[in-house]
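Dumping the structure here so I can ask a few things about it.
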Amino acid sequence: MCGILAVLGCIDNSQAKRSRIIELSRRLRHRGPDWSGLHCYEDCYLAHERLAIIDPTSGDQPLYNEDKTVAVTVNGEIYNHKILREKLKSHQFRTGSDCEVIAHLYEEHGEEFIDMLDGMFAFVLLDTRDKSFIAARDAIGITPLYIGWGLDGSVWFASEMKALSDDCEQFMSFPPGHIYSSKQGGLRRWYNPPWYNEQVPSTPYDPLVLRNAFEKAVIKRLMTDVPFGVLLSGGLDSSLVAAVALRHLEKSEAARQWGSQLHTFCIGLQGSPDLKAGREVADYLGTRHHEFQFTVQDGIDAIEEVIYHIETYDVTTIRASTPMFLMSRKIKSLGVKMVLSGEGSDEILGGYLYFHKAPNKKEFHEETCRKIKALHQFDCLRANKSTSAWGVEARVPFLDKEFLNVAMSIDPEWKLIKPDLGRIEKWVLRNAFDDEERPYLPKHILYRQKEQFSDGVGYSWIDGLKDHANKHVSDTMLSNASFVFPDNTPLTKEAYYYRTIFEKFFPKSAARATVPGGPSIACSTAKAVEWDATWSKNLDPSGRAALGVHVAAYEEDKAAAAAKAGSDLVDPLPKNGT
């Protein structure tokens, strides 16, 4: 990941303004410590802080077309850049950067090229021939981007809020899957997949199609000119990422540069579920595994810094971001600049424990759609900013556009959790990789139940955070919360504590509006809380809050179903390879 800042139409091309842009861009340097670039054209500025992953020697930004009339500052990775270059043979490229294709695609197609990009990205492009500009963000919002407006009529774009919040009167999170065009006067959606309107799909489940789509997604993300690894908690998602990456690493260009030994990384409190499971998977796969232990106090000491970098006061996100933030620092110290991570699977496939309560396939599917649309405010934000705080890039194969299209086209009847048929959450994914001849993972790992990252690193982590917040927030403070924080009022002492830290760094109302609110149970949307009347009394975002939906509940449901149906119960669903 890199850091970008663009200021356009600020009616000021003085040296003082240039110095201010450099100062603000410096706030993003943790994202891109390798090099800094600045392009100025009259009263327009494009700044860039580079993390060099592809073509480290010549890919400095901003990037240009042949005559430098088009300039672009990009934060992202374009996985199909070689294919796109083949379609642009009449163009002369200056670098080997994957992102340079953006300038040339604009020359060739105008503004209608964004959907041709396969990757994660946020960019701002300036056409100096008419001083027009566009900005765009990837389909799901893997890559962060904010847009702001100055009193002088200027439009601002930045990878993180901290680079524009002081100088903009109003700002907001740039919506995923959108393009901003100065010519057309605002935002419009470029990403319009079939699932976006939330209509229930009807494609039958084919395990091999799903498996192949995910393998392709992982293979794409092995594109790197620097050392990389995989974040491995030992849960289903990270274990599959590691297993697939290892299976295809030897034939990749990355292996020719860095060898075929895969590095994996895990963090947790002493004796945590993730450390144990991660070690077991690493031993099975034969990876070079790196374990990092932290204490509750280590995490508490980092909370302020985490909130500054993550730019949220959402309880779930902060709980999960803190260990990831600590781990990323350790990873960077080992010389690793890119990691693969397992975000997105739970949203796409209904992996959170509360999906057990979905009343029917329609509501199940609609909830997955809502969760995917909100990913940029939660898991994408965490994965990107926790790692980028230390100059590490996180890639998320489950959010590959093609894999998403395949997974979201499956009739959700196949995704429903049905213990009587042996189907726990994400059964369609588990079954797709249940290969008897060439196993990807041991059975008990392949069918390990979901743990939220903040739970899996050790249950005492969340309890420690609550205890710490209780010491800093009194009953009186919480009772007056609606007066102190009338917008998105915190309902717990932990939420109040995080909010006070956030407001210290980001005091403007526009900043607090970038953080979503509303009731949630075990990471659900507010709508899904309606699925179980008891949840409204226990709105803790931890996975443990979905009481009665853990392993014991599954066993009870299966036993009850077996007793009811007798011994002739047959699972009619397709097995992998049939």
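Along the chain as shown, the residues are counted starting at 1.
Cβ atoms here come from the backbone N, Cα and C positions, even for glycine.
Straight from Swiss-Prot, here's the annotation block:
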type	residues	note
ACT_SITE	CYS2	active site, for GATase activity
BINDING	ARG50, LEU51, ALA52, ILE53, ILE54, ASN75, GLY76, GLU77, ASP98	L-glutamine binding site
BINDING	LEU231, ILE267, SER341, GLY342	ATP binding site
DOMAIN	2-185	domain 'Glutamine amidotransferase type-2'
DOMAIN	210-450	domain 'Asparagine synthetase'
SITE	GLU343	site 'Important for beta-aspartyl-AMP intermediate formation'
Rounded to whole angstrom, what's the largest C-alpha distance between any two of LEU231, ILE267, SER341, GLY342, listed as binding ATP?
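The widest Cα-Cα gap among those binding residues is 15 Å.
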With ARG50 (L-glutamine binding site) as the reference Cα, tell me which of the recorded positions CYS2, ILE267, SER341, GLY342 is the closest one.
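Going through CYS2, ILE267, SER341, GLY342 one by one, the closest to ARG50 (L-glutamine binding site) is CYS2.
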Measure from the Cβ of GLY342 (ATP binding site) and count the other Cβ atoms within 10 Å, all protein chains considered.
24
With Cβ-Cβ distance below 8 Å and at least 6 positions apart along the chain, what are the contacts of ALA52 (L-glutamine binding site)? List them in sequence order.
ASP34, TRP35, GLY59, ASP225, VAL226, LYS337
In whole Å, note down how far the CA of GLY76 (L-glutamine binding site) lies from the CA of SER341 (ATP binding site).
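Just about 16 Å between their Cα atoms.
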Hey, what's the Cβ neighbour count for GLY76 (L-glutamine binding site) at 10 Å?
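For GLY76 (L-glutamine binding site), the count of other Cβ atoms within 10 Å is 24.
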Select the most exposed residue of CYS2, ILE54, LEU231, ILE267, where exposure means the fewest other Cβ atoms within 10 Å, treating these as the recorded positions.
ILE54
Looking only at C-alpha atoms, tell me how far the residue listed as 'active site, for GATase activity' is from GLY76 (L-glutamine binding site), rounded to the nearest Å.
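Cα to Cα, the residue listed as 'active site, for GATase activity' and GLY76 (L-glutamine binding site) are separated by 7 Å.
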Average the pLDDT scores across the domain 'Glutamine amidotransferase type-2' (2-185) and report the rounded value.
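That region's mean pLDDT is 96.
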Under a three-state reading of DSSP, tell me whether ILE267 (ATP binding site) is helix, strand or coil.
strand
I'd like to confirm something. Which of the recorded positions, ILE54, GLY76, ASP98, GLU343, has a Cα closest to the Cα of LEU231 (ATP binding site)?
GLU343
If you measure GLY76 (L-glutamine binding site) to GLU343 (site 'Important for beta-aspartyl-AMP intermediate formation') at Cα, how many Å is it?
17
Give the sequence-ordered list of residues that share a chain with GLU343 (site 'Important for beta-aspartyl-AMP intermediate formation'), lie 6 or more positions from it, and have CB atoms under 8 Å from its CB.
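Expected: ASP237, LEU375, ASP379, CYS380, ARG382, ALA383, ALA394, VAL396, PHE398, LEU399.
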